[in-house]
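This report concerns only the one structure given below.
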Amino acid sequence: MARESEDAGMAKASKVKRQKKKKTKENKTRTVQANILYDNAKGEENPNRHYANNKIKTTKYTVLSFLPKNLFEQFHRFANVYFVFIALLNFVPVVNAFQPELALAPVVFILSVTAIKDLWEDYRRHRSDKEINHMDCLVYSRVERRYVEKYWKEVRVGDFIRLRCNEILPADVLLLSSSDPDRLCHIETATLDGETNLKQRQVVRSFFDLDCDFDPLKYNSVIECEKPNNDLNRFRGYIIHRSGRRDALYKENLLLRGCTIRNTEEAVGIVIYAGHETKAMLNNNGPRYKRSKLERQMNVDVFWCVIILLVMCLFAAVGHGLWMFQYGDKRPVFDVLSPEGTDLSPIMSAIYLFLTMIIVFQVLIPISLFVSIEIVKICQVYFIHQDMDLYDEETDSHLQCRALNITEDLGQMQYIFSDKTGTLTENKMVFRRCTVAGVEYSHDANARRLAMYQEMDSEEEECTSHGGTLPRRDSVTSHQSAPVVLRSQSTKSHRRTGSRAEAKRASILSKHTAFSSPMEKDITPDPQLLDKVNECSSQMDFMRFHSQPMSQLPSDLSDIIDFFIALTICNTVVVSSPNQPRQKVKLASRKSLLSSPLQPGGAFSSAPKSSVPQELSLVSLMLSSPSAESTLTKLDEERPPRGLDHAFSPVPPCYDGKAWDKEEGELRYEAESPDEAALVYAARAYKCSLVGRLPDQVTVELPHLGKLSFELLHTLGFDSTRKRMSVVVRHPLTDQITVYTKGADSYLILILLSFSIVYRTQNYLNLYAADGLRTLCIAKKILSKDEYACWLQRHLEAETAIQGREELLFESALRLETNLQLLGATGIEDRLQDGVPETIASLRKAGLQIWVLTGDKQETAVNIAYACKLLDPEEEILTLNADSQAFHTNFAPFEIYPSSSPSSSSSHTVPFMVHRLGLVIDGRTLAYALDKSLEDKFLAVARSCRSVLCCRSTPLQKSMVVKLVRNKLKVMTLAIGDGANDVSMIQVADVGVGISGQEGMQAVMASDFALPRFRYLQKLLLVHGHWCYSRLANMILYFFYKNAVTLIFWYQFYCGFSGSAMIDQWYLIFFNLMFSAFPQLITGTLDKDVSAETLQQLPHLYVNGQNSEEYKPYMFWMNMIDAFYQSLVCFFIPYFAYADSDVDLFTWGTPITTLALFTILLHLGIETKTWTWMNWLSITFSIALFFTVALCYNASCPTCYSPSNPYWTMQRLLQDPLFYLLCAITPVAALLPRYFYRACQGTLFPSPVQVGRQLDKLPTEIRRNILSLSRVKVGSPLSPKPPFLSLAKPSPKGCNKKDQRSFPSSNTPPAKKGPVSQADEEKGQRSQVQPSDSVRSHSDLYTLVATEIDTLPYTKDAPTTLGGATASFNQSL
């Protein structure tokens, strides 16, 4: 009995467990069924009824909710709440200071302006929503048994949609049918990720073999998929048919909302996600908001203003209480009775006055400051956009500012974290050399071809700079040079003509196919390797003729042909033809299609570098091949034996029955990454061409042999963890299942079989890396039928799983990619972008510390770092390599740098020597160094080095490094990159910059600023960043000063601290809002403390912003003190002037207001560095506006506010000579201390920026000569720490020769032997430049130093030295 009850309890528990599991599963998945099955049923019976409809609404407000919701949002800003509170307090009779309606005007004005702006933006969104919701699409109707037109907003989940060519997708649709013979659908995803190259999507596998058109009425399957999410690179699910068969669904089956159908006449799909549940809408997060460093500092000072306000109010309240107390029982004449008619006690009077004074002194908190800052920032962004120096004519792109509120942060950067590939380099990969089967092929002719391109580019630039045209090269007859001249004349002709339309056309033509310039395409083959390929091909042709087995082919030749086959098929390259570039012709039969070399196709799985998501996730192991289940079934079928004849196409290539003209129909390769395109073009140079790709087949053409058709079984895509991709094919020659793999050598070598070829290849890889080439290893593996079946069975389980599919597929790929046979390796050249070395040199002189975070091989990254002057040949290099985390207990480099002591900075040479270090660390060691126990030690070493280079780093490691430096060192960080793998780094940094390069627009879309080229970063930071910071910092300080000129405070001493004012309330309310508002906006937008030319030639002026020299805490208090002094002068000079006279209160108070306005405007004039006609106009307008309002107001209001009477006050003052005398004397007396301070500072103790400003005043020729001579001057006021600017330094003893190696193509000078004296260098330069006497005299006045600041101004501690010994650590534990 007990046993039965126990069994019943277990059964009940298992049932509950199953129900819980089922409930969990239901919460994580969605079931989609066709709506046509429920057309006749009630709405409650439709299982799709709970899903969102397709109507979108991106507006924030409705007619009813606008006012409360907008006010609620505006009241999130504390300043608005404060001003509303003050305005409402003024309605209380016992404490009011001004007319209540008038006091409400400023805050209503500010709130109204913001509300109108928000309303206009929301109305634009509403119009856009309405336009999108009313677009048409074709939806299947069961009643009419055809597709009918419906609005997008009427589409529901479960509807069947017919899509036509060039139509935009209305929702996320699962592709069930396509008119394409290969069951493919081409889409353009530019609206999602900015990439213009076409992507391929394929029909769900179970609908692939339909012989007739898709009929929705016959559809009776159920779709189980994941809940809506914003991951564009993932879609998981399966489709269950009535037979019980279950097929997996992948992202390659899903068409996303917003994409455009291309090259496909018709496609049919079922809606999976609609409206706000689509991936595009879930990714639409709106503009990013960041708070700048300056804004955070400003908020602190606003708080201090509140404290000052409270102190002043408390002082006045105490004073009023004491004043009332001295009368005792006698009620003073001016006393106001309480509402009950009784006398108020001194304490109650003081309390009421405290509230009254808060209203009177409210101007201390600048109400218009926040609105003014927003206006100025928008204007600054506009002028940055208008800078033609930041426009790239070659790509027809300019700077984009995507975050409007952090422009001033550009002037305060301290650390720059940069990607290498595509950011510092062109990301134009060119095949340079290779090694196959342990034999190296140098490709010298190819090297000469690339050198010719470089030479011609430089000559062209020289001709262009001189205004001439490119000279014709009729003497050049080599076949490689012909396309060079053609390219030069075609792609850069717009530079000579100056036609913008022509430039745009050239840009469009060059972008038509990515990675396909003549430099990348026209590879010159190595003669020795070409002979071996031809020998191999001829032997295979002989074996085919005699029907001999392939096993008789020599192993070295077999490796060569496999090497080029791997280069050709192990990729995701799409094939098309230029004469029919994007539109595919529908052929009569699929069989004829298989033999066509013009057939576009592509793998649908892999995610190369450009499409790897920003997180370190295990993604993109999606299969583009036939379903694993059908493949497993094929294994059990007997395959008839076939000879070599069956492996080759018996018919010549044709298209619609016409012969293929090779010259007209040269194949075009559309690759998603430049590496893939480079390898495919390299294979084509050896006559091993990729001619066609289908979802289950890749066609390759080999010399002498025609075309081979490889059955494509699986594609295991690239990801940032495995660092490789693989394809599984059935080899047509041997009928064997073969795995071809390509990937990073450091990861691939770990899974190779140990042969001597591995060691020889590794040596060649080191040589390639030493030349700055990007390296890839190529390997293969042959699987037996049993091995493949065993692997496939588990792979089938992984691919049909919904939960944890990526992890399971990742583990499946690792099981397959073991014991590979190495075939060879390639070296690909990636040229530096123009101006990169110069830009890095300038940024480092500006005090910026630059870290490069790259996924490249260590040796490659190091040599590129030398080429771009990130590393200097004279520097000592710290190389950190470790194989396990056990090294941290006794890790030499970390122990070298104990906690730095300030006393070490007393020595001049020690900090200089330490900062001449470069740190190189690989990805594995970086993973250990980022551990919590080691991160502080790692940071201590890294911050002591002049440069840091992190190699083989993953996207997650990049973001972790940026976050570590930003949070631990409390410095301003900037991250710059061009690919999706840089997105996380860009988002973590204080300022993110995206390069609109070769890898799509993911980095740009995640960034705050977007640049066409890395070199534009120099002007963006050193010029615009400096200006934006300087303008805003001075404007904010001026705002605080202007509002602190509280004239009424001094009057309280003469009116019993009663809160009375001698100034008319209209002037008080509108003084800061109208009369003095416009000049500061003009100055904040246009002021330039130093010219752009000087800022770029003297980069170390940027240190001014890094150290926050323009906005320090003491400056706020100095401005407050100055404001109080000026208010004192503006009050008491008129007071003594009108003493013992019979003038009324306003006749005395109005001049005080006028004098305060003049003083404030003249103060702005002293602080303005650059005067333009707009500055003069704004000041003139402010004065004219004040007098116009005053004259009109005083003339039209005789009895407005009894007993006060401002009638005709200004008219009488303008007739009084004393008024003019006061206007001349008072501002001068008020501003004399500030003017004297500025004059003494600029003359006796000039800051570096002031010296630069003095240089700008000199004639152009003299200034340029001084700047050229300044490179050899020492002891400048521009140098905050002159000892660290000396060039004299003995070269490090024992420095590793390897560490001093320079990049071959760089202009880096070789390492100097022995010490370099300052005098020798100065003597050498003076012998070349002989300045005139006038230049020499000016240069004596402005002695400058333009040498690099090695000790960063924000580095407080200086670490100890290494003592000149070499610091290269290679630990292998």
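Cβ atoms here come from the backbone N, Cα and C positions, even for glycine.
Feature list (source: TrEMBL):
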REGION    1-29  region 'Disordered'
COMPBIAS  14-25  compositional bias 'Basic residues'
TRANSMEM  78-96  transmembrane segment
TRANSMEM  102-120  transmembrane segment
TRANSMEM  302-327  transmembrane segment
TRANSMEM  347-371  transmembrane segment
BINDING   ASP419, LYS420, THR421, GLU676, PHE718, LYS742, ARG774, THR854, GLY855, ASP856, ARG952, LYS958, ASN981, ASP982  ATP binding site
ACT_SITE  ASP419  active site, 4-aspartylphosphate intermediate
REGION    457-506  region 'Disordered'
COMPBIAS  477-491  compositional bias 'Polar residues'
DOMAIN    1004-1247  domain 'P-type ATPase C-terminal'
TRANSMEM  1116-1139  transmembrane segment
TRANSMEM  1145-1164  transmembrane segment
TRANSMEM  1176-1196  transmembrane segment
TRANSMEM  1218-1237  transmembrane segment
REGION    1280-1339  region 'Disordered'
REGION    1353-1373  region 'Disordered'
Recorded ATP site residues ASP419, LYS420, THR421, GLU676, PHE718, LYS742, ARG774, THR854, GLY855, ASP856, ARG952, LYS958, ASN981, ASP982, farthest C-alpha pair in Å: 24
Residues of the parent chain within Cβ reach of the transmembrane segment (302-327), under 8 Å, 6 or more residues beyond its termini: 79, 335, 346-347, 349-351, 353-354, 357-358, 361-362, 364-366, 1040, 1043-1044, 1046, 1049, 1052-1053, 1056-1059, 1116, 1120
Least surrounded among the binding-site residues, given as ARG774, ARG952, when other CB atoms within 10 Å are counted: ARG952
For the domain 'P-type ATPase C-terminal' (1004-1247), the mean pLDDT of the predicted model: 89
Packing count at ASN981 (ATP binding site) (other Cβ atoms within 10 Å of its Cβ): 29
